[in-house]
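S.K.: Pulled these from Swiss-Prot:
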- LYS40: active site, proton acceptor (ACT_SITE)
- TYR263: active site, proton acceptor (ACT_SITE)
- ARG134, MET310: substrate binding site (BINDING)
- LYS40: N6-(pyridoxal phosphate)lysine (MOD_RES)
Amino acid sequence: MVTGWHRPTWIEIDRAAIRENIKNEQNKLPDKVALWAVVKANAYGHGIIETAKIAKEAGAKGFCVAILDEALALREAGFRNEFILVLGATRKEDANLAAKNNISVTVFREDWLDDLTLEAPLRIHLKVDSGMGRLGIRSREEAQRIETTIAIDHQMILEGIYTHFATADQLETSYFEQQLAKFQAILSSLTTRPTFVHTANSAASLLQPQIDFDAIRFGISMYGLTPSTEIKNSLPFELKPALALYTEMVHVKELAPGDSVSYGATYTATEKEWVATLPIGYADGLIRHYSGFHVLVEGERAPIIGRICMDQTIIKLPREFQTGTKVTIIGSDHGNKVTADDAAEYLGTINYEVTCLLTERIPRKYIN
């Protein structure tokens, strides 16, 4: 996707916020526990390469990604020796590509190891489905058979074992405790404990320090976003959001009563009013469901009116403004703010989706 550097719409990523979130998390971790920065999905919309650089500078000991391509992008960007784990499925035919690039892969079923011919050592993390229901082995017997298969092949290394909690971002912990018990039972069935045992995502690492094990996977909270609104008031430290989204008015005009705007003419002025056109649309991740949501203009709320277009959006202004006036879609302005949580609540989704939706057509500028 082409990045729109010649359009007045941009994202600002606060390096200091990411560093502070990492440092605050590290301060509560035992010295032996590594923090791995989760930078999948273009670092949750924050930009994978630059975010990885910031995280490394802040003390992250490795990275987690969703797909092999993301891991290879990190290697190509200069992260030559850092630990990188692919959390999602890797095709068997790509096992040697991962091995040659010293990228750790997730194995979650026995047959993936069948007839695997390796040209370099492959580091494997065994995924346990303790209750998430996506990927993973589910019994002690499976774990033992996989451990035996790996032990026989001198090119395979059982480097880690892990699971993922379905309800770590909830205050009620009974299901979490069931998952933990199941994982520990499977872990205890192994003859040799792998180098890395890891279970904690952002929510678990913030609320359940007893399960830090050897490493944590620090994702959404590295970016200053709360894993869920339910636990927002139970966090051990304040999270600092790193992402802000801005644009500028490219056209300002006064509507007369009866004038309509955008596709379908779904919005019609009932009195004289000022509106502005913004150069951002659903192709940038400002999806059509944002219609009716508000942005900030010099600290004042301005609603999005009519249907959001692929490349443009129209807002109703509290009064006349000049073309070129800055508009805050996510971020702070004149003492007021619009957050990813605000957007998520309006859209009926989660803050993860709000930032992940922001496409690479919007340039990222890194500040502080």
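Cβ atoms here come from the backbone N, Cα and C positions, even for glycine.
Set these features in their place in the structure for me.
M.R.: Neighbours of LYS40 (active site, proton acceptor), defined as other CB atoms within 10 A of its CB across all chains, total 20.
Within the same chain, residues at least six positions away from TYR263 (active site, proton acceptor) with a Cβ under 8 Å of its Cβ are GLY306, ARG307, CYS309.
All chains included, 10 other C-beta atoms sit within 10 angstroms of the C-beta of MET310 (substrate binding site).
Under the three-state DSSP scheme, LYS40 (active site, proton acceptor) falls in the helix class.
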S.K.: Cα distance, LYS40 (active site, proton acceptor) to MET310 (substrate binding site), nearest Å?
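M.R.: So the Cα of LYS40 (active site, proton acceptor) lies 26 Å away from that of MET310 (substrate binding site).
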S.K.: Let me know how many other Cβ atoms fall within 10 Å of the Cβ of ARG134 (substrate binding site).
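M.R.: I count 10 other Cβ atoms within 10 Å of it.
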S.K.: Work out how many Å separate LYS40 (active site, proton acceptor) and ARG134 (substrate binding site) at their Cα atoms, rounded off.
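M.R.: Rounded to a whole number, the Cα-Cα distance is 17 Å.
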